[in-house]
Amino acid sequence: MERTIKGVCDGENGEGVRNCHCVVALSGGADSTALLLILHYLRQRLGLSLSALHVDHGLRPESAAEARAAVTFCHALGIPLAVHTLTVDELAAVWRVGTEEAGRKARYDLLAAALPSPAADWICTGHHLGDLAEDVLMRLVRGCGWPALGGMRLCDPARRILRPLLLTEKDRLEAFLATLGVSWTEDPSNASDTYLRNRMRHGVIPLLTAENPGFLDQVRDLWQLAHIDADFWETRTAATLSAAPASPSHVEGEASAPHDAAHGAESIRLPKTTLTGLHQAERLRLFKEVLRRMGEGQARAETLLALDAAWVAGRGGTRFMFAGCKTATVRRGDIIFSGGPPAEDTP
């Protein structure tokens, strides 16, 4: 397991992490506790400085005691810890999202704010292979395409997030802690099937593992293949878009589409000269990348395929709606994308 962590830190499975500061998201569970210990043991070898951040979401009566346990643990290691207490129910109401999403957003906002140098330092989370399997299945349920179906990134440079344990099984983390005589906390809400993630964990994954005891190994292989493909397509689409003619903020024959305070994005044109001769697979990935740059919201495969079919057939004036108030219009062989808030990657 130390080899896995060191491989990440040396850049074998992501951008190298040396001579920097890492802020560890410490819930007190087995995964984040093991992560903090491993990085603590490797800190001198890798030139790391460490701090931790614990969030009390205020949703359970045990949470205050868990925060105190995190303080005691970090004090014993000599690692600075920041504890934040939130009222997630109130945040969920203000943001008009579920409590799980509100807690996640608040956590990552606090972690990002804790980075001493956002351009050089890292947020480290304890996501493990079981979490990756849940993420893959939830993406499948939501209709994600390839290669996003492969699951969350191990290394997310744009958001400065590193998940060093992502390819490690949870039982190995628990065995590691047990060998050291280190205890951890169990969140009682993890036993509830209220959330989709827990239903995957308790119901679906055990069935798949019963059918194939190597299911988690297959998830690991799928992740690796997906991220090889993702790296290829990100490089390919970026090169294609950078070579395309500059996108106008106003398209002749259409209503003006300059920067809009409500949407935050100008029109982006994919000209016919760029699209002609490309394989359908590359066109679809260009569409997805343009939509991603224009803001949040998953592009449904059905709509992407319909847009591509309209372009191939030359059906000018055809308009397609995408999540996040974004549109795509076929006009004179070009495709004009409009609207949408500024882009932000998802975890």
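Cβ atoms are placed via backbone N, Cα and C, with glycine included.
The ATP binding site feature in Swiss-Prot is assigned to S27, G28, G29, A30, D31, S32; the stated evidence is sequence analysis. In the three-state DSSP scheme, S27 (ATP binding site) is classed as coil. Sequence-distant neighbours of S27 (ATP binding site): residues of the same chain at least 6 apart with a C-beta under 8 Å from its C-beta are H54, V55, E66, G126, T185, D187.
For 243-263, the entry in Swiss-Prot reads region 'Disordered'.
Within 8 Å of the centroid of the Cβ atoms of S27, G28, G29, A30, D31, S32, where the record puts ATP, the same chain has further Cβ atoms from L26, T33, A34, G126, W184, T185. The Cβ of A30 (ATP binding site) lies under 8 Å from the Cβ of K170, L173, E174, L177, W184, each of which sits 6+ residues away along the same chain.
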